[in-house]
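**Student:** Would you mind keeping the following structure in view while I ask a few things?
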Ligand code: BES
Ligand code: MN
Ligand code: ZN
């Protein structure tokens with residue numbers, strides 16, 4: 001969708017199939033004074049009769065001679081937040097008033113936000129959040145649907161009128177033009193079934209991001225052996241699909257500047273291996289590469305924005321399958337750091353691939369910061385439901401920066417502890433560490449396992465198992481892949497380089 005901001009144009013002169021007019025609850029002013037008499041009369045009528053009162057996410061459609069007008073309720077002005085605006089925007093763009101009926105262009109008036117000084121001083125303008133929610137909600141995954149015969153045209157352009165002249169508007173437009181499409185890009189990768197999103201295909205997708213500032217290097221099984229990444233390789237042994245260890249370098253900053261390492265769990269299908277998962281719900285394990293997809297989305301957005309920092313993304317891609325050569329429970333492997341791991345459950349494979357990915361990033365890049373994103377544990381949703389990313393790490397300042405980004409994007413993180421006592425939970429009888437803790441603390445012992453491969457680099461682990469895929473529609477995110485992590489980390493990176 002193309003988004004334009006136009007200034008100094010009257011409401012009557014705007015040519016669009018739909019005009020979107022937001023109202024706060026019980027609004028008595030007259031920001032939309034420039035409307036033609038017919039439209040003004042209709043609006044006055046629905047307001048007088050209380051057919052439309054401006055309640056949060058309330059919608060009313062008016063047909064006028066000049067076109068369609070959608071009145072949108074914002075709710076009480078004093079209750080408006082960035083997130084509530086995203087939700088209203090989402091509701092409008094997903095509504096039947098904007099879908100179908102040959103609605104190709106829409107115009108949104110931001111006059112009321114300006115008049116009531118809504119969200120003055122926030123990172124972006126009120127109109128921005130409204131549009132962000134709208135664009136996110138418009139995402140659809142149609143790759144496997146036969147095109148319908150009379151499929152209605154979808155919205156192509158959105159014109160924003162009377163936007164606030166905030167200093168941030170250039171940044172806002174860049175966000176909408178690059179970060180939101182990167183979220184959709186990640187969502188497409190995650191929604192794609194595993195047979196069409198193998199490690200090889202994921203690697204090809206990574207290569208498609210190559211460019212002047214982006215170098216992609218794919219390590220195959222042989223290369224991984226030479227690196228001593230036996231922990232990673234142990235996960236791929238039961239699969240007929242070759243593993244691909246994907247490394248992407250982005251150079252936007254000074255040559256000597258240590259990069260931010262983004263590590264994304266990239267299990268393209270997690271059957272559990274020999275510790276096989278139950279049949280019920282196994283189909284969802286195509287989304288076990290959501291961390292990797294988010295990492296690719298971040299590289300894509302960062303390079304399109306030419307961010308002046310360096311990044312390295314590491315995606316240890318493989319399937320986790322129960323083949324004749326699969327890793328057996330009880331096997332011991334050595335990771336890149338030299339630590340030995342007793343594999344007691346082959347379904348705890350995420351930490352095995354991440355241990356080597358983290359070790360690889362430290363060995364070859366000495367990163368300033370490591371951020372890993374992983375659909376790591378079922379225990380994540382037991383602890384937090386589907387509302388927040390579980391965050392653990394070894395550096396409070398780094399976690400504070402992510403909390404800030406989390407507040408701004410509403411991709412919420414919730415910090416969980418990494419007590420040193422958890423070390424005991426992972427004591428192996430025969431190796432340096434085992435890959436599962438006991439029955440309790442599954443979320444934190446998984447993170448503790450990772451910490452054993454990080455040593456002292458500032459590091460944060462984001463368990464996105466409960467947020468990367470929605471089983472039902474959210475206010476502005478349709479069910480399916482959510483693309484979580486892209487907006488959070490992009491916000492963090494943009495704040496970091498300021
Ligand atoms: N990919 C799963 C975690 C997961 C579960 C993600 C549900 C999304 C939804 C991970 O590889 C896994 O299987 N974890 C096990 C670990 C256990 C064996 C210690 C789990 O959480 O059950
Ligand atoms: Mn698993
Ligand atoms: Zn997994």
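Just so it is clear, glycine is given a Cβ too, placed from its N, Cα and C backbone atoms.
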**Student:** Need a hand: TrEMBL gives 265, 270, 349 for Mn(2+) 2, which of 280, 288, 331 is also on that list?
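**Tutor:** For Mn(2+) 2, TrEMBL names 265, 270, 349; of 280, 288, 331, the listed one is 288.
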**Student:** List which of the recorded positions 265, 270, 277, 288 have their Cα within 10 Å of the Cα of residue 347 (Mn(2+) 1 binding site), in sequence order.
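**Tutor:** Near residue 347 (Mn(2+) 1 binding site) by Cα: 270, 277.
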**Student:** If you count CB neighbours within 10 Å, which one among the binding-site residues 288, 347, 349 has the smallest count?
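**Tutor:** Comparing Cβ neighbours within 10 Å for the binding-site residues 288, 347, 349, 347 has the fewest.
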**Student:** Relative to ligand 3, which of the recorded positions 265, 270, 277, 288, 351 have a Cβ found under 6 Å from one of its atoms?
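**Tutor:** Among 265, 270, 277, 288, 351, near ligand 3: 270, 288.
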**Student:** Identify, in sequence order, the residues in the chain of residue 277 (active site) that are 6 or more apart from it along the sequence and have a CB within less than 8 Å of its CB; answer 'none' if there are none.
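**Tutor:** For residue 277 (active site), the qualifying residues are 270, 271, 285, 347.
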**Student:** Out of the recorded positions I have (265, 277, 347, 351), which ones have their Cβ sitting under 6 Å from ligand 1?
**Tutor:** 347
